[in-house]
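Here's what TrEMBL has on this protein:
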type    : residues                                       : note
BINDING : Lys5, Phe6, Gly7, Gly8, Thr218, Asp219, Arg229 : ATP binding site
BINDING : Thr41, Glu119                                  : substrate binding site
DOMAIN  : 2-275                                          : domain 'Aspartate/glutamate/uridylate kinase'
Amino acid sequence: MLVLKFGGTSVGSVENMTHVKNIINDGTKKVVVLSAMSGTTNALVEISEQIRLNEKESALILIQQLASSYQITIEQLLNDSVLIKESQEYVNNVFTNLIELVGSEHTTLIYNQIVAQGELLSTFLFSRFLKQEGINAALLPALDFMRIDNNDEPDSFYIKQNLDRILNENSEADIYITQGFICLDVQGNVSNLQRGGSDYTASIVGAAIEADEVQIWTDIDGFHNNDPRFVENTTAISNISFDEAAELAYFGAKILHPQTVIPVKDLNIPVRLKNTMSPDSYGTLITHHVHGEGIKAIAAKDGIYAIKIKSARMLQAHGFLKKVFEIFEKYETSIDMITTSEIAVSLTIDNPLHLDAIVEELEKIASVDVDQGMSIVCLVGNNIIYHEDTPHLFQVLQDVPVRMISYGGSNNNISLLINTDQKLNTLQKLQGYVFESQQEKAVAY
Ligand code: ADP
Ligand code: ASP
Ligand code: MG
């Protein structure tokens with residue numbers, strides 16, 4: 001069986017929902033994971049924020065605006081009066097509950113309950129639409145099987161057991177629809193897999209049912225060789241390995257939630273990226289196979305903090321790095337990049353939650369400088385550190401102040417730490433150098 005996940009744009013309009021219907025209605029049984037309609041999760045986050053700030057008036061206005069947009073969607077999507085009535089009741093109930101939260105004390109649970117509504121709405125409406133179109137689909141509530149554990153990791157045993165049971169109970173259905181993103185936590189409260197988490201839901205479900213393939217249907221024709229939001233003339237990559245995709249997703253390639261490949265990689269379940277608006281385009285196939293040599297793709301991740309830890313005591317002293325790492329471990333803060341010299345070590349983190357406490361402890365053993373507003377630019381490709389073109393990279397980057405370089409940590413990755421205000425320039429320069437023709441290169445440099 002296949003698992004197909006459709007993102008926000010793919011379910012963001014009646015026209016696109018019709019594309020989705022046509023893609024999934026091919027007579028084979030499948031699980032379909034849906035995101036919220038595009039814009040909805042952002043709107044819900046904003047509603048939650050206004051409730052947190054106790055800005056009742058603006059929270060109510062935002063709720064009202066979102067509610068009206070769903071009434072319009074119902075009018076455009078459905079023409080069967082019973083299905084319209086059922087959908088209106090569902091939508092009214094969702095928004096009445098949101099209104100009741102205005103004025104209440106804001107907690108993480110309230111936030112989680114609010115942002116969960118997007119996927120609940122999209123799947124409800126889409127399942128009604130399929131019913132109207134005579135398609136035999138069952139709506140499986142993700143909260144009946146999707147659960148994370150104490151470490152916020154998917155509880156694979158629980159998920160598999162419950163999903164198998166629910167699929168069996170609904171064996172007469174041709175298509176199973178479920179919500180991406182949302183799950184329960186160990187206490188049984190509504191939680192989620194973080195922003196963009198519907199991709200992760202799809203691969204968790206794919207692993208649980210040992211799917212033949214997990215397909216991520218989105219608004220672009222596959223994994224591009226650079227970030228199309230910032231760089232022109234990027235192109236789709238036909239084949240990429242699990243490790244390459246994981247690294248690029250971790251370092252900012254928004255097309256995939258960073259954890260997407262983890263559940264399926266060991267089971268060798270391929271992940272295919274496809275464009276809902278252009279289903280005939282090949283897209284990208286992610287497998288164990290490694291194709292090509294040299295730089296394959298570039299991604300960038302913002303919000304990075306660089307920490308320089310400097311101590312004369314580092315000179316010929318063993319055990320210094322151990323002490324440094326123990327402090328990060330104590331605060332459960334992972335380090336992305338690291339470079340060392342004889343008297344200093346520089347490293348980066350992307351989670352500043354415990355930064356003050358970390359700095360306070362580090363200052364007991366060293367002097368510490370923190371730079372924020374940094375970005376990591378990550379270059380990925382098979383054997384890039386040995387590729388003949390790679391040394392020229394430094395020529396390209398001569399105008400860019402690079403704060404740190406990680407080269408040789410693996411054969412397949414080079415990371416650069418730069419100021420975020422240099423990101424656009426760096427990505428564009430690299431695009432010109434790495435991917436455009438020799439002739440264009442000659443003109444550009
Ligand atoms: P969905 O709502 O379908 O999950 P996302 O917005 O999360 O879609 O991801 C798709 C978007 O990711 C694309 O429209 C594109 O702007 C962005 N993106 C960033 N980096 C890449 C990349 N390397 N390849 C393709 N798309 C990328
Ligand atoms: N709707 C959620 C978000 O916008 C999850 C997703 O789209 O993958 O983050
Ligand atoms: Mg996404």
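Don't overthink the numbers, they just go from 1 along the chain as shown.
Placement of Cβ uses the backbone N, Cα and C atoms for every residue, glycine included.
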Assigned conformation of Glu119 (substrate binding site) - DSSP reduced to three states: helix
Contacting binding-site residues for ligand 1, chosen from Lys5, Phe6, Thr41, Glu119 when the Cβ sits under 6 angstroms of any of its atoms: none
Span of the ATP site, taken as the largest CA to CA distance across Lys5, Phe6, Gly7, Gly8, Thr218, Asp219, Arg229 (Å, rounded to a whole number): 22
Euclidean distance between Cα atoms of Glu119 (substrate binding site) and Lys5 (ATP binding site), Å: 12
Binding-site residues listed as Lys5, Arg229, least Cβ neighbours within 10 Å: Arg229
Rounded inter-Cα distance in Å - Gly8 (ATP binding site), Thr41 (substrate binding site): 9
Cβ neighbours within the same chain of Thr41 (substrate binding site) - under 8 Å, at least six residues apart: Gly8, Ser35, Val115, Gly118, Phe181, Arg195
In sequence order, those binding-site residues of Phe6, Gly8, Asp219, Arg229 whose CB lies under 6 Å from ligand 2: Gly8
Which listed residue (Glu119, Asp219) has most other Cβ within 10 Å, given these are binding-site residues: Glu119
Cβ-Cβ neighbours of Gly7 (ATP binding site) (radius 10 Å): 24
Number of Cβ atoms other than its own within 10 Å, given for Phe6 (ATP binding site): 29
Set of same-chain residues at least 6 away whose C-beta sits under 8 angstroms from Thr218 (ATP binding site): Phe6, Gly7, Thr9, Ser10, Ile255, Leu273, Lys274, Asn275, Thr276
Glu119 (substrate binding site) versus Arg229 (ATP binding site) - Cα distance in angstrom: 25
Where Arg229 (ATP binding site) falls in three-state DSSP terms: coil
